[in-house]
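TrEMBL lists Tyr109 with the feature active site, proton donor. Annotation source TrEMBL lists active site, proton acceptor at Lys180. Per TrEMBL, (S)-malate binding site is recorded for Arg162, Asn424, Asn469. The divalent metal cation binding site annotation in TrEMBL covers Glu251, Asp252, Asp275. Annotation comment: TrEMBL describes 86-266 as domain 'Malic enzyme N-terminal'. Here TrEMBL flags 276-538 as domain 'Malic enzyme NAD-binding'.
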Amino acid sequence: SNVRSLATRKKYPKPLRTRKSGIDILHDPLWNKSLAFSYSERDRLGIRGLIPPAVRTIEGQVMRCMEHLRSCADDAAKNLYLQDLHNRNETLYHRLLVDFIEEIAPLVYTPTVGVVCQQFGHRFNRARGMYFSLNDRGAFSTMVYNWPHDDVHVIVVTDGSRILGLGDLGAHGMGIPIGKLALYCAAGGIAPHRVLPITLDVGTNNPELLKDPSYVGIQKNRLVGDEYFDFVDEFMQAVAGRWPNAVIQFEDFETAKAVPLLEKYRNMYHCFNDDIQGTGCVTLAGIIAAARAAKGTISDMRFMVVGAGSAGLGVCAQILDGLRNEGLSTEEARKKFVVFSHKGVLGKKDGVHGSPHHSSETSPEMLEWVNDDFSDGDKLLDVIHKFKPTVLLGLSTQGGLFNEEVVKAMHQHCPNPIIMPMSNPTSKAECTAADAYKWTNGAAIVASGSPFPSVTLPDGTVKIPSQCNNMYIFPGLGLAASVGGIERITDRMLYTAAVACADAMTPQCFAEGRTFPNIKNIREVSLQVATAIVKVALEEDLCRKIDPEDVTDDEWIRNFIARKMYFPSYVPLL
């Protein structure tokens with residue numbers, strides 16, 4: 001209860017001084033309160049008479065906004081309304097997210113954000129964040145100073161090459177960083193003026209966008225090879241030059257770019273890749289919780305991973321790290337995996353031991369996950385019957401891939417199979433939660449990439465599938481890096497974050513069939529994750545903003561972080 005009160009308590013901040021006044025205050029979403037300005041503020045700021053005389057509270061504004069939101073025709077219309085609110089009043093927007101996170105998070109991020117990105121050009125009416133394009137080469141180091149805020153703590157950047165399961169959306173992928181950072185603010189307690197969404201516009205290979213008159217980006221084919229990596233290098237130097245302490249999160253880069261960029265920069269800058277490390281970390285957290293629900297450990301499990309892109313292989317790497325922490329050797333841990341790419345199982349080719357399948361198309365990263373007990377011609381069902389996996393992970397973006405026959409085969413060899421259709425958006429999910437429960441008579445443990453409603457079984461039992469959402473990890477990671485000044489994100493920090501997330505599960509969560517904590521408690525989960533990460537950073541001497549001599553115990557770290565968490569409420573303005 002003490003942790004909860006620290007993370008969600010109403011704060012009484014000191015007044016803030018602004019250089020703006022008059023109509024400019026009302027037009028700036030960071031300062032605007034709409035009708036919540038007191039009469040003394042209206043006089044001080046020169047806005048008396050510029051707004052109607054009624055005075056509202058933020059609580060009253062929240063309820064009016066929710067009434068309007070719930071009257072919208074569909075999720076896309078709700079997202080448009082929330083975008084408009086975001087552009088008018090950031091404090092109120094983020095307060096809605098905090099107070100109604102379970103209802104609103106799917107509207108600002110997955111699955112609705114996929115539709116937002118697809119319609120980005122048609123709906124574009126106001127710029128948010130920064131765009132670094134082919135036309136700006138050589139100017140990155142100066143144009144970063146066009147951003148009005150000096151104290152940026154978190155940057156989310158995409159090149160739009162692999163947006164969710166939708167592919168190359170180019171500059172229209174900007175909806176992803178915007179939505180992600182809204183969750184950083186609401187779930188992780190990062191103040192809105194300290195986040196920055198960025199799109200790297202290196203062109204697009206999407207033929208529809210290349211001829212679409214409403215496309216907002218550069219209508220040229222994507223940069224490739226050294227030209228591409230030089231572009232990113234200029235960007236990284238520019239943002240690190242202006243904001244040396246900011247955490248840079250790579251988001252939705254295609255695998256061929258994501259892996260080498262992470263390897264190049266992870267020890268040079270404060271950065272991580274959410275698709276590789278975040279997805280792997282949150283999946284490991286769900287698997288740890290599922291193992292506890294089954295009264296076992298992850299070392300007892302066998303993993304079938306369908307999808308060998310950056311997310312799929314990132315998941316494999318994080319689970320492997322978890323298995324090693326359980327005491328298994330790397331060789332023993334790898335034997336617990338079978339991985340499928342879009343071409344089939346990563347196994348021996350033509351029955352030749354040690355010869356990987358489709359060698360001309362198999363990346364070096366895939367080669368690490370070849371299982372010589374299988375051949376490249378083996379089918380999904382055949383592998384299930386032979387390997388007898390306990391966990392089925394879907395990161396394939398092939399909607400409906402886990403059909404009734406596949407799920408029943410899992411159940412045949414495992415009394416409580418863990419079924420995790422992780423692909424986004426919902427249309428790309430390998431199966432629904434309802435089908436997984438139906439085909440296993442309610443025995444499956446289900447976690448998914450997109451949210452699914454609770455399911456009532458024939459006997460009246462209600463199952464609540466968890467959304468295996470990266471927001472259980474990245475807000476806490478960003479909070480830790482921001483508050484602690486963490487120099488780099490290490491593998492040990494990621495493993496610790498996964499364990500901290502699993503530790504946030506309550507007996508009630510397990511009883512309801514969840515594999516993740518209730519999303520309503522996301523700020524407490526973020527605080528717990530951040531506390532665990534900062535503790536590791538102090539042990540690894542990677543924490544610049546906290547003096548180890550000041551730290552008395554874990555509670556001191558938790559209280560220190562909680563005091564730094566942003567809570568969206570209006571402050572007096574001078």
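Cβ coordinates are placed from backbone N, Cα and C, and glycine is handled just like the others.
In TrEMBL, annotation is done automatically, which means it is predicted and not curated.
Taking the binding-site residues Asn424, Asn469 in turn, the residue surrounded by the fewest other Cβ atoms inside 10 Å of its Cβ turns out to be Asn424. Fewest other C-beta atoms within 10 Å: among the recorded positions Arg162, Lys180, that description fits Arg162. Apart from Glu251, Asp252, Asp275, the divalent metal cation site neighbourhood in this chain, defined by C-beta within 8 angstroms of the site C-beta centre, holds Thr158, Arg162, Ile163, Ile176, Phe250, Phe253, Ala258, Asn273, Asp274. Taking the C-alpha atom of Arg162 ((S)-malate binding site) as reference, the shortest distance to any of the recorded positions Lys180, Glu251, Asp252, Asp275 belongs to Asp252. Across the structure, Asn424 ((S)-malate binding site) and Asp252 (divalent metal cation binding site) are spaced 12 Å apart at their Cα atoms. Residue density at Glu251 (divalent metal cation binding site): 26 other Cβ atoms are found within 10 A of its Cβ, drawing on all protein chains shown.
Geometry remark: Lys180 (active site, proton acceptor) versus Asp252 (divalent metal cation binding site), CA distance 11 Å. For the pair Asp275 (divalent metal cation binding site) and Asn469 ((S)-malate binding site), the Cα-Cα distance reads 11 Å.
Around Asp252 (divalent metal cation binding site), a 10 Å sphere centred on its CB holds 26 further CB atoms from the protein chains shown. Within 10 Å of the C-beta of Tyr109 (active site, proton donor) we count 23 further C-beta atoms, all protein chains included. Summarising the environment of Asp275 (divalent metal cation binding site), the number of other Cβ atoms within 10 Å of its Cβ, over all protein chains shown, is 27. With Asn469 ((S)-malate binding site) as the anchor, the candidate recorded positions are Tyr109, Glu251, Asp252, and the one with the nearest CA is Tyr109.
For the domain 'Malic enzyme N-terminal' (86-266), the predicted model reports an average pLDDT of 96.
The distance from the Cα of Tyr109 (active site, proton donor) to the Cα of Asp252 (divalent metal cation binding site) comes to 13 Å.
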